[in-house]
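Each remark here refers to the structure printed beneath this line.
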Amino acid sequence: MDFEDDYTHSACRNTYQGFNGMDRDYGPGSYGGMDRDYGHGSYGGQRSMDSYLNQSYGMDNHSGGGGGSRFGPYESYDSRSSLGGRDLYRSGYGFNEPEQSRFGGSYGGRFESSYRNSLDSFGGRNQGGSSWEAPYSRSKLRPGFMEDRGRENYSSYSSFSSPHMKPAPVGSRGRGTPAYPESTFGSRNYDAFGGPSTGRGRGRGHMGDFGSIHRPGIVVDYQNKSTNVTVAAARGIKRKMMQPFNKPSGTFIKKPKLAKPMEKISLSKSPTKTDPKNEEEEKRRIEARREKQRRRREKNSEKYGDGYRMAFTCSFCKFRTFEEKDIELHLESSSHQETLDHIQKQTKFDKVVMEFLHECMVNKFKKTSIRKQQTNNQTEVVKIIEKDVMEGVTVDDHMMKVETVHCSACSVYIPALHSSVQQHLKSPDHIKGKQAYKEQIKRESVLTATSILNNPIVKARYERFVKGENPFEIQDHSQDQQIEGDEEDEEKIDEPIEEEEDEDEEEEAEEVGEVEEVEEVEEVREGGIEGEGNIQGVGEGGEVGVVGEVEGVGEVEEVEELEEETAKEEPADFPVEQPEEN
């Protein structure tokens, strides 16, 4: 190589660097094809170093070569777009291959291939129909704005600058990508010009042009679709597509599923059918209440035996005992009078009303005592109950029946031992609990009194009481049954014990069931005001009370619920109720 050739070689190399900014070979060959050593690019004659260099570096158009003058300064003729089988974006030689390192190997590797990709995007690579990347895709114009690209950009040589921005390649059935990238088979991409996108949304099929094209995964019901509503195919995953069952815009559910709910809605809205349905519902509610009462009776009978109906109770004070002397003392005690005073203070009832309420409790006590006298087999029943309690218990079970003391304030059973009872009396929990329970009884007493007076049968009794007649006197058998039922209702308010009193009384209670439910509903109101949680807490424990000073409030709650509902149906006509409500 003489001085002139050496000078030409260095000049060509410098010129190449100035034009291209890169000093490495780009591809499988410039003008001559895949191999640069055989001189296919020359037009004849002996190859000189100048021609070799010019051909090798794509500088024929600068050094006077005739073949490459039609190409721009930044690109040589590139036959790669028409070639197939190889990776089209890979050069003919690796960066470390010896053939490439002959000329420019010392300069290679300084620039990344992303520069080449940026040049290739303007070079008409897609004009041959075999491109892997659209020249102007929506991702290049507005990257990250609408990422609805198909698999044409999933290639590792796409325009994504970071691997983290590249969506994961998915199969033909995943995330709605088409089975084959359309741009690979010659179809053109109209993303940049507002045409239908070939990219993937998060739903199935093509994105559509904002409502003009429906996605194949959506089933549109044209028969039931309203005329004034336009169907908009919104982007969303399959979960969202199945979500709107009653939205007006485009039903995404199957036709039979859509038609059935519409019929149901139309039937429910028809005024002619609402009345019978309401009647049926009311009947069901009444039956449910009575069934609930029966279950409560059975539950109480299982827990406490049939004798629990023979207990004497005071509905206002939640007092419960099996001894007549105890109830007599209670009705004459100061605690009972304090409760009545509290009721009068809160409700502002007249003295006549308070006397009537007291007489109601006395009448209940008398009725219970009469029932006990009529029960001849009470002792036998108790023995049978005792046998049932210990049924199935063997010596190996190490169980025995003992007496216990029930504390309604704490809802605790205490062994009937002096030491245990004294220890509980001095415990801080009992000291706090008895104060809270006392306040609770006062609150519930007001609600119980109001619910009793809301009972229409009790109102009739009160009218007779005001006239000076005996309100509890039995005039007719039917009236007597109603009265007994009412009294039982009152007792139910306090405890469902009296609901279960006798089979005859249960029948009477069913006849007067609505009245009983009214009282029960009223007591439920009490529970709601005071907090049903508290009432329930007092509930079962109170009913079980062996020592028998407090009635169970738990059963009262259920009765109160029924009474509340009945009370709503029957407004309070009782003249004394108005001050209560105020």
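The backbone N, Cα and C atoms fix where each Cβ goes, glycine too.
In Swiss-Prot, the feature SUMO2 cross-link is assigned, of LYS140, LYS225, LYS426, to LYS140; the remaining candidates carry no such note in the record. Among the candidates LYS247, LYS255, the residue that Swiss-Prot annotates as N6-acetyllysine is LYS247. Per Swiss-Prot, the residue from the list SER10, SER56, SER155, SER226 bearing the note phosphoserine is SER56.
Checking the candidates SER69, SER113, SER197 against Swiss-Prot, the annotation phosphoserine falls on SER69. Looking at ARG70, ARG173, ARG284, Swiss-Prot tags one of them with omega-N-methylarginine, and that residue is ARG173. In terms of DSSP helix, strand and coil, the compositional bias 'Basic and acidic residues' (272-290) has 19 helix, 0 strand, 0 coil. Of all Cβ atoms in the protein chains displayed, 9 besides its own lie within 10 Å of the Cβ of LYS401 (SUMO2 cross-link). In this structure, the C-alpha atom of LYS459 (SUMO2 cross-link) lies 13 angstrom from that of LYS467 (SUMO2 cross-link).
In the predicted model, the region 'Mediates transcriptional activation' (1-124) has a mean pLDDT of 49. Rounded to a whole value, the Cα-Cα separation of LYS467 (SUMO2 cross-link) and LYS401 (SUMO2 cross-link) is 53 Å.
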